[in-house]
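For reference, the structure discussed in these notes is given below.
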Amino acid sequence: MTVDRLTSRSRAAGUAAKIAPGDLERILATLPRDPREGERVVVGTRDNEDAAIVRVPGGKAIVQTLDFFTPIVDDPYLFGQIAAANALSDVYAMGGEPWCALNIVCFPVKELPEEILADILRGGADKVREAGAVLVGGHSIEDESIKYGLSVTGIIDPDCYATNTGLRPGDVLLLTKPLGSGVLATAVKAGWDGFEAHEQELGRWGAMLNRAGGRVIRELGLAAATDVTGFGLGGHLLEMANASNMSVHVDVSTLPLMPAVLDLVATGLLPAGSHANRHFCSGNVSVHPEVDSLLVDIVFDAQTSGGLILAVPPHLVDDACSILRAEDAPFWRIGHVEEMGEGVSRLVLQP
């Protein structure tokens, strides 16, 4: 049997397949709120948080999330690892620890060998095990378009967690993975020259757990953090700035990029989701004239299983860096937070 490349079976790859933020915002605004939320919910849907935090008996809390997407690589095992790491990331971004997970599967079982699905599931299971969580089942649907991910339940201290609303003036912004996965995934899907190397780079970073960043949040009691996924670095920073009523300043020259990303963007290669992100955010962004427009595109590139943005008070920066180094986790200092003032944009991109 001739097997198509996994990435050829979907319209968009990874988190770039998300519904555009503006469309999603309009749809969700029509839904009523459950009046019982206040009894149980510590953190809900109001500020576009990465996950929900819900009280349970005994003074404890769980953190709950769900994430799945279409393939961004052709290797099934690697796809399973990336999809699982991406789903687990939401728990880490709140400061929680993954506890158990359920598989979410859509697969054309009559068209593709069963071994492909087995490899996807094996990749996901290995990553869940690496996170210290337990895989306890799942649900599958026969579908022409391959999709895989997890529903993850974590444990968390109901009095110590990070959200989009916790930015404070002076906070230093640390990023724990380089940017460009949306661009590289588009190159892989299109089969561009060198796409095999791009796939390996996507696997290197996408399958990396954000566990070290979660440890920083817990041990230092950080109030603000998020992970960078489908709305891009710019979109997720803007969510934090809006929720916290702050202005976020990014030093674009410090942003880490995956290999070849800048060259690919220069040729015009950018996923549709990235264009949608930039358009949606444009009214709240100020770009210094010396900032390269290609870098602005990358700021809004739709990421899959991206790094954490950690907002660290100045007096805790050294401690945060020490924890990340002890975990052998990469990180970059990319900007800071200021109070909103007259004529100041929510998101400022400076050289």
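Cβ coordinates come from backbone N, Cα and C, glycine included.
Owing to the predicted nature of the structure, the values given are computational and were not obtained by experimental measurement.
According to Swiss-Prot, the active site annotation covers Unk15, on the basis of sequence analysis.
DSSP assigns Asp90 (Mg(2+) binding site) to a helix. Swiss-Prot lists Lys18, Asp47, Asn48, Glu49, Asp67, Asp90, Gly138, His139, Ser140 with the feature ATP binding site, giving sequence analysis as the kind of evidence.
As annotated by Swiss-Prot, Mg(2+) binding site applies to Asp50, Asp90, Asp227.
According to Swiss-Prot, the feature site 'Important for catalytic activity' maps to Lys18, an assignment based on sequence analysis.
Listed in sequence order, Leu102, Asn103, Ile104, Val105 are the same-chain residues six or more apart from Gly138 (ATP binding site) with CB atoms under 8 A from its CB. Each residue contributes its Cα atom, and for Asn48 (ATP binding site) and Asp90 (Mg(2+) binding site) those atoms are 12 Å apart. Asn48 (ATP binding site) carries neither a helix nor a strand DSSP state and counts as coil.
Within 10 Å of the C-beta of Asp67 (ATP binding site) there are 25 other C-beta atoms, taking all protein chains into account. Cα spacing between Ser140 (ATP binding site) and Asp90 (Mg(2+) binding site): 22 Å, rounded to the nearest whole number. Ranking the binding-site residues Asn48, Ser140 by the number of CB atoms within 10 A of their own CB puts Asn48 at the top.
There are 27 other CB atoms within 10 A of the CB of Asp227 (Mg(2+) binding site), with all protein chains counted.
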